[in-house]
Amino acid sequence: SQSSQLFLKVFGLCHDAYTNGKTGNTKLMDLLDEPVPGVGTYEDFNTIDWVREKSKDRDRHREITSKSKLSTPALLESISDAFSGWLLMLLIGLWSGALAGGIDILAHWLTDLKEGLCLSGFWYDHEHCCWGSNETTFQERDKCPEWQSWAELLGGSSVGASAYIVDYLMFIIWALLFAFLAVILVRAFAPYACGSGIPEIKTILSGFIIRGYLGKWTLIIKTVTLVLAVSSGLSLGKEGPLVHVACCCANILCHLFTKYRKNEAKRREKYAAAGVSYYFPLKTLWRSFFAALVAAFTLRSINPFGNSRLVLFYVEFHTPWHMVELVPFVLLGIFGGLWGAIFIRANIAWCRRRKNTCLGRYPVLEVLVVTGATALLSFPNSYTRMSGSELISELFNDCSLLDSSQLCGYISTYSNTIPDRPAGPDVYTALWQLALALVFKMLITVVTFGMKVPSGLFIPSMAVGAIAGRLLGVGMEQLALNHHDSAIFKSWCSPGADCITPGLYAMVGAAACLGGVTRMTISLVVIMFELTGGLEYIVPLMAATMTSKWVADAFGREGIYEAHIRLNGYPFLEPKEEYGSKALAQDVMRPRRSDPPLAVLTQEGMSVGEVEAMVADTDYSGFPVVVCQESQRLVGFILRRDLVISLENARQRQEGVVSASLVFFTDHVPAQPTSGPPAVKLRGILDLSPFTVTDHTPMEITVDIFRKLGLRQSLVTHNGRLLGIITKKDVLKHMAQMANRDPDSILFN
């Protein structure tokens with residue numbers, strides 16, 4: 001046909017020009033023969049090219065390996081390069097473990113400082129202050145002359161209405177002071193130190209660049225303000241922010257090694273080892289295990305919990321669970337799933353209101369109001385007054401005969417030498433207080449998470465579940481006591497026997513609520529083992545966690561971190577999100593039918609001025625390079641940043657380069673007129689293997705390719721001819737549109 005003949009004619013002309021260029025005699029210096037500062041790096045709020053970064057690392061590794069066979073120094077350099085990864089993980093483990101231990105010790109001290117002071121040493125918290133006392137009794141282990149409340153210090157008495165008011169006011173004042181210092185430090189020195197950090201870490205691990213988010217100032221301020229925020233009594237935890245802290249340590253230490261400093265993909269392997277996983281090669285698994293070993297050793301040496309154990313909530317239940325109890329465990333899973341779904345919707349609605357109203361313009365005032373309300377309402381109730389980790393430890397407690405806890409206020413009776421455990425007045429009082437604490441924790445956590453202070457969600461979520469679990473556990477315990485002859489209990493619960501363990505129900509409830517909020521399953525069960533050491537309760541934990549996820553997924557498949565990623569418009573492709581559209585690549589690619597033609601560079605024939613004008617007139621992150629405008633046959637792809645830096649470098653380093661100088665992306669440059677300006681050769685910055693898909697590739701496959709390869713963009717071709725481009729943001733906008741969400745929300749905010 002005439003059209004095909006015309007195409008062949010144009011193709012032939014372009015091909016002739018290309019081959020003629022290859023036979024030129026003039027050999028022009030490639031400015032990229034020597035490293036140019038900035039080339040190969042990325043601008044802020046951009047996505048890295050995983051394929052290019054991994055290719056760079058493979059080339060570097062091959063070069064080191066080949067040189068190692070030539071000389072002894074080169075061999076030592078190769079060994080050092082291979083060992084650097086393990087050395088880096090050793091340093092990350094030591095630093096992260098030391099910071100975690102220090103944060104825990106300081107948070108305990110400042111939390112107790114709201115209630116009183118140790119006279120034998122102001123740096124002692126309440127527990128350590130009374131450890132050295134000779135006047136401490138077993139029944140009142142938390143009371144000793146060395147520790148005095150603020151009422152005793154200021155008024156001389158610890159009883160009476162005036163003493164209660166003094167303690168109440170000092171509790172609120174200290175809480176407001178800690179919260180004020182936390183929010184002021186965040187706003188003044190490191191705005192990125194606020195929040196949990198996990199949504200941003202997941203986005204960074206997917207390849208996004210957020211300069212300063214893992215910097216030294218963020219690390220310093222996050223560490224200090226995390227201690228202050230936890231000590232203020234706000235309904236938040238430190239476990240999520242500790243992931244951010246560990247990734248900051250990894251990022252800072254990575255800059256000590258050239259191998260990781262100059263490669264974004266390699267750095268993200270270490271972030272994954274230090275924090276959460278997105279890109280997780282097998283060797284990173286072993287190095288993560290090594291880093292965890294070092295961090296655990298460091299934490300064990302510091303011994304922040306004072307019990308010579310690594311777990312935060314060590315449990316040792318003496319009664320085995322029975323198959324019948326799977327029913328209440330599943331009920332706790334249902335509660336956890338419902339709570340998770342409600343919490344995510346309520347928290348996202350509140351955070352959206354914070355962003356879109358004047359509330360967001362006064363973060364300091366918001367933090368102080370929430371802190372004041374939290375302190376005011378939590379002080380009268382002993383279960384809300386204590387810290388989140390202390391509350392969970394209390395709820396996980398398996399009551400012994402000598403336990404002085406209010407939850408263990410059972411009436412001691414004996415029947416046939418087997419102890420009964422009927423609930424006494426103290427237990428019923430504790431249940432009412434716990435019911436009020438449950439409502440308070442559920443409401444206050446919604447408005448606390450997402451404020452401009454470091455705020456984790458593990459401890460508050462676990463506290464809600466542990467309270468619900470303990471309430472159900474005590475109810476089941478008393479039901480078994482009073483109805484031991486019924487068909488449900490008769491086969492396994494002897495009259496008067498201690499058949500039910502309320503602490504186990506609290507542990508299962510904590511896992512269920514945490515699973516409902518985060519949608520973790522396997523990793524959550526492992527985390528619960530790490531926190532409690534209760535490996536024998538794997539079945540109850542698995543049953544509750546799985547039920548929680550199923551129930552929560554019925555209302556929406558997003559966990560709290562994914563919901564915050566979408567709220568902030570981060571360019572993150574969720575691996576778990578399903579895609580069922582029948583669209584093709586040509587339906588999503590740009591340019592669309594109404595758009596101007598695709599901006600491309602030709603491999604030869606364009607001047608420096610024309611290239612700079614195209615860069616100035618567009619805001620694209622990169623440009624395809626074609627043989628010529630007529631054929632649109634693809635040669636490669638060039639990043640905008642590399643192009644701009646290289647042209648500026650050419651004007652500075654190569655004499656005579658002006659706007660009229662020609663730009664070549666070919667291996668050989670044809671002979672140039674002696675009277676004309678010299679040409680610029682930029683073959684070295686051209687990506688000769690850009691990823692491409694055909695226009696009829698299903699978007700389902702394209703999305704999967706973007707996820708698994710971490711692509712920044714993919715070019716779309718038809719019979720070898722360039723048609724358009726699909727970027728990661730295009731994929732995200734298309735998926736948002738398919739889910740009936742606003743596609744323009746996919747922007748960094």
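Numbering starts at 1 and runs along the chain as displayed.
Keep in mind that glycine also has a Cβ here, set from the backbone N, Cα and C atoms.
As recorded in TrEMBL, the features of this protein are as follows:
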- 86-110: transmembrane segment (TRANSMEM)
- 168-193: transmembrane segment (TRANSMEM)
- 214-236: transmembrane segment (TRANSMEM)
- 242-260: transmembrane segment (TRANSMEM)
- 285-306: transmembrane segment (TRANSMEM)
- 326-350: transmembrane segment (TRANSMEM)
- 362-379: transmembrane segment (TRANSMEM)
- 430-450: transmembrane segment (TRANSMEM)
- 457-476: transmembrane segment (TRANSMEM)
- 504-529: transmembrane segment (TRANSMEM)
- 589-655: domain 'CBS' (DOMAIN)
- 685-743: domain 'CBS' (DOMAIN)
CB contact flag for the transmembrane segment (504-529) and the transmembrane segment (242-260), at least three pairs under 8 A: no
For the transmembrane segment (285-306), distant same-chain residues with Cβ under 8 A (at least six beyond the ends): 85-86, 89-90, 92-94, 96-98, 100-102, 104-105, 108, 127-128, 270, 272-274, 312
Outside the transmembrane segment (362-379), six or more residues from its ends: residues with CB under 8 Å to it: 167-168, 171-172, 175-176, 178-180, 182-184, 187, 232-235, 354, 385, 440, 444, 447-448, 451-453
Paired segments the transmembrane segment (242-260) and the transmembrane segment (457-476) in contact, 3+ CB pairs under 8 A: no
Proximity verdict for the transmembrane segment (86-110) and the transmembrane segment (214-236), three or more C-beta pairs under 8 Å: yes
Taken over the domain 'CBS' (589-655), the model's mean pLDDT: 91
Three-state composition of the domain 'CBS' (589-655), taking helix and strand from DSSP: 24 helix, 17 strand, 26 coil
